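A quick write-up on the structure given underneath.
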Amino acid sequence: MKFSAPVLAIFLASASAQSTAELAAQIPSCAQTCLATAITGAGCTAGDYACQCGTSQNTITASATPCVISACTSEEALNTQRTTSQICALVAAGSASSPSASSSASASASSSASSTSGAASASASASSSASSASAAASALTLAHPIPNPSHPPSPTIQTNLRKKVRNSNRLTPASLSSVSSALVSSASSVRASASSAVSAATTAANPAATTAAGVKEEASFFIPAAVALFAVFAV
């Protein structure tokens, strides 16, 4: 069993007010020793109700509760809880009528107002931060939009992709070098054949010279054609 009242620890040997004395008389005898020990341990005296119901209240309650539970019946423990609560209520009512108590109440109200204001400011700051984060996320999405599969690339992008594919299918530098070497070799062979034919034509009859001239013309035609073919492959 655990007490929920603010005070379980008031032991009254004497009282300065009749109402407080009447309440003190209602505390079960089984709880008085427990309360007296807890009050002394907290640094208060038996008749110092301001101390017992003030800053030492939690200490007295924590110390007296286990003792009261073990020493009293459930009914007696409940009566102790109810009576000590009423005594502290009378102490609080008497303190509230003094100027110092009014000052304390005002300070407490001011502190509560400050706490409320601080909480409101923190809430506004958090809301502002959330708005800023949302705006930043929107700006990032606009600057770097996520591709949408339902919207195909624009015609310009498709054209660029086709160019890249077409360029990738062209001859590589190694292939172009091989083709160039083959064309040069073929041209050299034709040129050598033409030269041999011309030399033979100078010592042979006119029909042979005519044949050599024809071979030379074929060689002259083949070489430019080979160069043109090489240019086509190089594109």
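Glycine too: its Cβ is placed from the backbone N, Cα and C atoms.
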If you follow Swiss-Prot, the disulfide involving CYS51 connects it to which of the following: CYS44, CYS53?
CYS44
Need the cross-check against Swiss-Prot: the disulphide partner of CYS30, picked from CYS67, CYS72.
CYS72
Name the cysteine that pairs with CYS34 in a disulphide bond per Swiss-Prot, restricting the answer to CYS53, CYS67.
CYS67
Return the count of C-beta atoms lying within 10 angstroms of the C-beta of CYS67 (disulfide bond), excluding that atom itself.
18
Tell me the Cα distance separating CYS44 (disulfide bond) from CYS72 (disulfide bond), rounded to the nearest angstrom.
23
Would you report the average pLDDT that the model assigns to the domain 'CFEM' (18-114)?
79
Quick check for the class: what is the C-alpha distance, in angstrom and rounded, between CYS34 (disulfide bond) and CYS44 (disulfide bond)?
14
Top Cα neighbour of CYS67 (disulfide bond) in the set of recorded positions CYS44, ASP48, CYS51
CYS44
